[in-house]
């Protein structure tokens, strides 16, 4: 956990999206603190292994965010397990997690596994549809989910996921002020350095994903925006 607490900026790579070797090198050598491999659909064991092998040419830490049990493979530094707190489907609250432990319990290195308390806040994103997330939540609802993540479940990470939409900075601030030990991850709609810097004022870790595939050079600038010129 010690290394994860130092992460300020993370790039998320989707195994189901194309990225050239040159582009991948720019991402991995950008100064970002880590790479998370994960996606909502089209994630297979084959494309996860392929992307892992390509990322492993670089020294940047690499985590797999598990969305499909069949795509789990050894070789990552960390394994992030999303638990969607505002899902109406038990699959994303406990069933998948139970099945994963049933299949791989004897093989799991628990020091490498971290559960993320997810709160999906964009009703139009694929993740909300897939997980049957209740996205018409109030500010009080989100803060309650954050408190549950920290004080009831003792999750190391609370993840505010806007997935393609730039989120509510004021709400991110309020959630951050609520949390004491659990780290606040923010992801969604960051396409410019200015947006990244704004969210980094409150989020412990800013996750940049889609921008890699829409405007790579702008995405690369988010590293310095979050971490400063030493990145």
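Positions of Cβ are set from backbone N, Cα and C atoms, glycine also.
Per Swiss-Prot, these features apply:
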| type | residues | note |
| --- | --- | --- |
| BINDING | 12, 159, 160, 161, 162, 163, 164, 189, 209, 210 | sn-glycerol 1-phosphate binding site |
| BINDING | 14, 40 | Mg(2+) binding site |
In the same chain, which residues outside the set 12, 159, 160, 161, 162, 163, 164, 189, 209, 210 have their CB within 8 A of the centroid of the CB atoms that define the sn-glycerol 1-phosphate site?
122, 125, 165, 186, 187, 188, 190, 207
Around the Cβ of residue 209 (sn-glycerol 1-phosphate binding site), how many other Cβ atoms lie within 10 Å? Please give the count over every shown protein chain.
22
Near residue 14 (Mg(2+) binding site) (Cα-Cα within 10 Å), the binding-site residues in question, chosen from 160, 162, 164, are none
How long is the line from the C-alpha of residue 209 (sn-glycerol 1-phosphate binding site) to the C-alpha of residue 40 (Mg(2+) binding site), rounded to the nearest angstrom?
12
Let's check the environment of residue 162 (sn-glycerol 1-phosphate binding site): how many other CB atoms sit within 10 Å of its CB?
22
Three-state secondary structure of residue 162 (sn-glycerol 1-phosphate binding site) from DSSP?
coil
In whole Å, could you give the widest CA to CA gap in the sn-glycerol 1-phosphate site formed by 12, 159, 160, 161, 162, 163, 164, 189, 209, 210?
17
Do any residues at least six apart in sequence from residue 12 (sn-glycerol 1-phosphate binding site), in the same chain, have a Cβ closer than 8 Å to its Cβ, and if so which, in order?
35, 36, 37, 38, 65, 187, 207, 208, 209
Going along the chain, which residues six or more apart from residue 164 (sn-glycerol 1-phosphate binding site) have their CB under 8 A from its CB?
122, 124, 125, 188, 189, 210
Quick one: give me the count of other CB atoms within 10 A of the CB of residue 14 (Mg(2+) binding site).
21
Give me the long-range Cβ neighbours of residue 40 (Mg(2+) binding site): same chain, 6+ apart, Cβ under 8 Å, in sequence order.
67, 125, 126, 127, 130, 163
Tell me, how many other CB atoms lie within 10 A of the CB of residue 160 (sn-glycerol 1-phosphate binding site), whichever protein chain they belong to?
27
